[in-house]
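S.K.: Would you mind keeping the following structure in view while I ask a few things?
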Amino acid sequence: MTWLDDIRWDRDGLLPVIAQEAATGDVLMFAWMNREALARTAELGEAVYWSRSRGRLWHKGEESGHIQKVRDMRLDCDNDVLLLKVEQLGHEPSIACHTGRHSCFYQRYESGAWHAVELVLKDPEHIYR
């Protein structure tokens, strides 16, 4: 039995992951990991996720250069959600979202509608190679 066996993977073999900026506490994004992604993350010290849409491993920053250096990994009390405390690299200020924003959580509910409350820091057309 390994440390990976302590995790309660969902029926698809996935684990929900929250990426939080270590320095500020900002929640950057939500993603998924499978067993291989988590093992690679621990080995590399950089976030590697499972892309459900692409059906493959996704090393964060592989196309954009916006790599997430993992500073701490914490498993929740039920062993079924992972918190990654990361240093977001590749742009200053940091960009974690594919929309060119700091965080994927840039929409706020106000007065019956969703409103973008974070600026686009870099046009996504100039991010991806």
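Quick reminder: no glycine exception, Cβ is built from N, Cα and C everywhere.
Taken from Swiss-Prot, the feature Mg(2+) binding site applies to Asp76, Asp78, Asp80. According to Swiss-Prot, the Zn(2+) binding site annotation covers Cys77, Cys97, Cys104, on the basis of sequence analysis.
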S.K.: Can you check which residue among the binding-site residues Asp76, Asp78 has the largest number of Cβ atoms within 10 Å of its own?
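M.R.: When each Cβ's neighbours within 10 Å are tallied, Asp76 tops the list.
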S.K.: Taking the recorded Mg(2+) site as Asp76, Asp78, Asp80, identify the other residues of that chain whose CB atom sits within 8 Å of the mean position of the site's CB atoms, giving them in sequence order.
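M.R.: Residues close to the Mg(2+) site, other than Asp76, Asp78, Asp80: Arg8, Leu75, Cys77, Asn79, Val81.
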S.K.: So for Asp80 (Mg(2+) binding site), how many other CB atoms are inside 10 Å of its CB?
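M.R.: Step by step: centre on the Cβ of Asp80 (Mg(2+) binding site), count other Cβ atoms within 10 Å, giving 13.
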S.K.: Other Cβ atoms within 10 Å is the metric here; tell me which of the binding-site residues Cys77, Cys104 scores highest.
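M.R.: Of the binding-site residues Cys77, Cys104, the highest Cβ count within 10 Å belongs to Cys104.
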